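Listed features, source TrEMBL:
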BINDING   145, 166, 203, 229  substrate binding site
BINDING   204  Na(+) binding site
């Protein structure tokens, strides 16, 4: 009798991987771009190489301010950029991406997207308001931001009035109405402008990114927090036609990988920023807590501005009504139920707090 042992047949596939062309609005070393890169790496791993995504830095294919349009027109298959780069198109880019946000922090803001109705509004915003042919996912990064760098101490709002201060977006709009001489210039021009005296103060992001820029070489007084950006919301975009051609499993992987990459990189970014703050202190930087008077006046003026925007823009009103409803439930709950961060924090680490307050 002859016994035949069947050999297992290994599945063979000659299917070529799908390669998508992508670019961000930021330099390769920025946390923003590093999230983009980790997202693409995660997608490739989760798809076992079926889907590969090129993640080029700012300017590789199109200028940073053209990434949204380039993705919509399929010059890029994938793009990543902040709504702040298209603020002029619709004022609703502000609450969809950054701003005071009614007491919510970065985690609450992200939760509003996935748990509070923000994703449906994002889809509507791209499709009906901006008329962009993209599918978008929120990428909260770089939160919270400092008020900025100055060559002298800032003890009150009166010290800021008339000062030439670099800031953009709602920060520029609000501080401008508070009497500050706001200047909006790209990040790469901040240090030379400070050196030449074109500006007297500037905000960028936080210790980690500001150190890379070299701001500590032209100013020694760093004030935080800022009230203008408790979170900076980026957008990961897939061209709409490209998205429709992807299988449902690939679409879900893209979504899940965006959450993982954002979370993982922001965990690391917090640690890197904490170390960068210590490095700046060793380099002679004095870190100060922003006077409450400045923060309160900022919020007061911003409330007036957003009321004006909401009166003129129905979609803006729709977004902030949704955010307020979510914040009204979440923020009082956390204020009531969560232990104050500084209570146990100061119990263990009070002598390690390095901000000076007057």
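The backbone N, Cα and C atoms fix where each Cβ goes, glycine too.
Feature map: annotations from TrEMBL on the structure.
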residue: 145; record: substrate binding site; Cβ within 10 Å: 24
residue: 166; record: substrate binding site; Cβ within 10 Å: 25
residue: 203; record: substrate binding site; Cβ within 10 Å: 27
residue: 204; record: Na(+) binding site; Cβ within 10 Å: 20
residue: 229; record: substrate binding site; Cβ within 10 Å: 29
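Across the residues annotated as binding substrate (145, 166, 203, 229), the widest Cα-Cα separation comes to 14 Å. Between the CA atoms of residue 229 (substrate binding site) and residue 204 (Na(+) binding site) there is a gap of 11 Å, rounded to the nearest whole number. In this structure the C-alpha atoms belonging to residue 145 (substrate binding site) and the residue listed as 'Na(+) binding site' are separated by 8 Å. Those same-chain residues not listed among 145, 166, 203, 229 yet with C-beta within 8 angstroms of the centroid of the substrate site C-beta atoms are 146, 147, 148, 167, 168, 171, 202, 204, 205, 226, 228. Between the CA atoms of residue 204 (Na(+) binding site) and residue 166 (substrate binding site) there is a gap of 8 Å.
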